[in-house]
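**Q** Features from TrEMBL:
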- Asp34: active site, nucleophile (ACT_SITE)
- Asp36: active site, proton donor (ACT_SITE)
Amino acid sequence: MGEPIDQDVDVETILASGMTTPSRRGWKGTIAVDMDDVLCQTNATIVHMHNELFDTQPPLTLDDFKNYLYWMNRGWGTPEETVGMVAKLYQGGLYMRAPPVEGAKEGLGRLKELGYNLIIITARSENQRTGTEDWIAEYLPDIFDEIHFTGAFQHLEPTREEKEGHVARKAVVSHHKRSKAEIIHTTSSLFLIDDSSENAYDVATSTYPHELPTKVLLFGDYPWNAIVHDPSQRTQIEAMTYHEKQEKGLLEEYEQLREKRIKEGWLPRGVERVADWTRVVEWVERFDKTRDV
């Protein structure tokens, strides 16, 4: 059982310029939404840029992204090498090159029509903030009430107003890394929409006093979320990097284990899969009707 989170410790709220009311009174509650591969096609863009920059053979495909940690997949090298490769992707304009996920804008609009506040909870950190806000201003302005960055920030600035509209009503940052489960708790969000199986497990299994576990909609039919791991059941081979498995001749054994896990289809209580934004809207509409009964 987790301990209550003091919302005033090491947290700063930065209001967007000219915005004095961060949320709308009388709405039905808050829905938390992840950023990468829920709102924008980050990994598909990375595949394209990776092949441009690094000439991996055979060329990388989205099917190679079997783990959210890139160095666990083909084409990346050691964790240290991966950091350098990812830096080159950022330098190449990764964020603004990523198109929106199909149906995201329309789906988010429908959730707002139903009367819900929408917030983003992203694991992006300080050096990614500018690109994040630029992308939202370009593709999804005037939709979100808050953006929560879970990484540590050293230089804090208000969200900028763009000619297209506000990036968000406020940005919330902290001086220490927080989990998405903590932010779900502090914002009293009803549920989370996220493509990460790791986040889904963490949020769905985290509870706080007087609270039930939070529902998670595990978004997308992606190879990296095909399996939700119970950490207590993770094997040694599943903890190895791609190169470690390759060097030890364990790639085939790993693939067999992976297929077994996928067929089992285990999900923790409170996690449901939604293939796309159409399914998200359908799920929320059903949820909304049960609340009105």
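Cβ coordinates come from backbone N, Cα and C, glycine included.
TrEMBL annotations: computationally assigned, not manually curated.
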**Q** So if I draw a 10 Å sphere around the Cβ of Asp34 (active site, nucleophile), how many other Cβ atoms end up inside it?
**A** 21
**Q** Does DSSP give Asp36 (active site, proton donor) helix, strand or coil?
**A** strand
**Q** Starting from the Cβ of Asp36 (active site, proton donor), draw a 10 Å sphere and report how many other Cβ atoms land inside it.
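**A** Excluding its own Cβ, the number within 10 Å is 22.
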